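What follows is a single structure, written as structure tokens, with notes after it.
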Amino acid sequence: MATLAAPPPPLGESGNSNSVSRITREGKKITYKLNIMQQPKRARACGQGSKSHTDRRPVDPPPVIELNIFESDPHDDSNKTDITFVYNANFFLFATLEPERPIATGKLMTNQGSPVLTGVPVAGVAYLDKPNRAGYFIFPDLSVRNEGSYRFSFHLFEQIKDPKDATEGTQPMPSPVPGKLSSPQEFLEFRLEVISNPFIVYSAKKFPGLTTSTPISRMIAEQGCRVRIRRDVRMRRRGDKRTEDYDYDNERGYNNRRPDQYAGSDAYANAPERPRSTSISTNMDPYSYPSRRPSAVEYGQPIAQPYQRPMASTPAPSSTPIPAPIPMPGPVALPPSTPSPASAHAPAPPSVPLAAPPPLHTPSYQSHLSFGATQTQYPAPQLSHIPQQTTTPTHPYSPRSSISHSRNQSISEYEPSMGYPGSQTRLSAERPSYGQPSQTTSLPPLRHSLEPSVNSRSKTPSNMITSLPPIQSLSELPSTTSQPSSAIGSSPANEPGPRLWETNSMLSKRTYEESFGHDDRPLYNGMRPDSESYPGGMQRRPSYERSSLLDGPDQMAYKRANGRMVSKPATMR
């Protein structure tokens, strides 16, 4: 039978360790010593109910109890031998839960409630070398159902294997009879009890959280024992949120949602935080571009045009003189084949209008309608600042321009035009009104004024519109071909020749326009069939020259796709 050991020591600090001694049949003294190396500190209540048995909330940290066994002479306790590893017996430790303060039992309190302690309350001994060479009892799965303040009470039980290790004065165990079934004759003897420090069981809302695993738990786990290890702090801060290390994101989100009057005096920096309006009229950009083109009166002073304006290409070798302003003290640098300034300003016959000089700060323009031909740039002369006068156009704008195929903004649209005597008559020939017939673009009186205007198109403004000269009949065509022009220099385009097309000398394959007629060419960038500007450095002769050349033996020769050369009379359209 199990014998009762000495009563447990009083509670307090001395309750963390306890020891007891007994005398064996051989007259030896054996001492048992229990020491709680790791005390429980906190736990979360796992609650009551049908699922409470699966809700494991172990006590943190897990309790660890150390067992040491010593053997000595009954009359001399100074010479003790540690026999923990060589003692032949079985030990286990049983844990019970007790309240911190004992509750007096009433007369009518006969029925105890449901058990508060859950989990595995029994632990076997594990012989380890660290932290000390001893036996250890580990309780990694102890849970408490209700919140409160409790203590653990650990009871040590021993199962003796050798009869000589039995306690002195007890009856010897009967020897088992072979081949006869009988009840087991082994007994468990209670040795001693040790009580832990009080710990608190919290509810789910008040639980502060779990801490990292202690060095003792890590050391025991490294030796193969079942202990749950946590490498980070799992603390829950639900109570007073006073520090900024764990709710920084919440405060930052609150600051971003604050109204503008709490932010600061800088209204431009906090503008994106204001609520947006659903009205389209209130979302207009104050610095956006105007929806209409301002007139010349709104702009006032002339402004230089910062970008290049694409214009229709003209024959590369031919160029026309541009009259220089009268206040210029010296000659102006002009392209090749330019006559002297005196001849440029000489009066011309009434049928030949003068070209207006370019305005101030006119940049060079580059043609974008070359269609594969070499693009040319003509530098504009730098003129001095001259007082200018505003000229109001007298006729509506005609979109069917005989010079350019796409209307582009020029500098003169933002500047007042310069008051030169021949500027109004030049633009009248350049832009016919809507009431004029379409065949007026190829009349002979306009040929001499159109050719210089094509070359000077990239240097002169195009917003001044005046009246057109009178239209001459077709019967006067032969007489007008021999009229001289004093304001136009010699140009390859003005020399008579038997060819229908005027082309530059190129050592490459002929283009599409060289083999096909005027109406067969593709139209790009707003080009019109009645336009007289042709890409690729080619310009078609007027209709009166074609009619005169048709009487001759001129034929058009072209190469077919199979490589055979074919010639036929030129087709007039």
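Every residue gets a Cβ built from N, Cα and C, even glycine.
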Listed as phosphothreonine by Swiss-Prot, one of Thr110, Thr170, Thr212: Thr170
Phosphoserine per Swiss-Prot (candidates: Ser114, Ser183): Ser183
Which candidate, of Thr167, Thr278, Thr391, Thr481, Swiss-Prot gives the annotation phosphothreonine: Thr167
Packing count at Thr167 (phosphothreonine) (other Cβ atoms within 10 Å of its Cβ): 13
CB contacts for Thr170 (phosphothreonine) [other CB atoms within 10 A, all chains]: 14
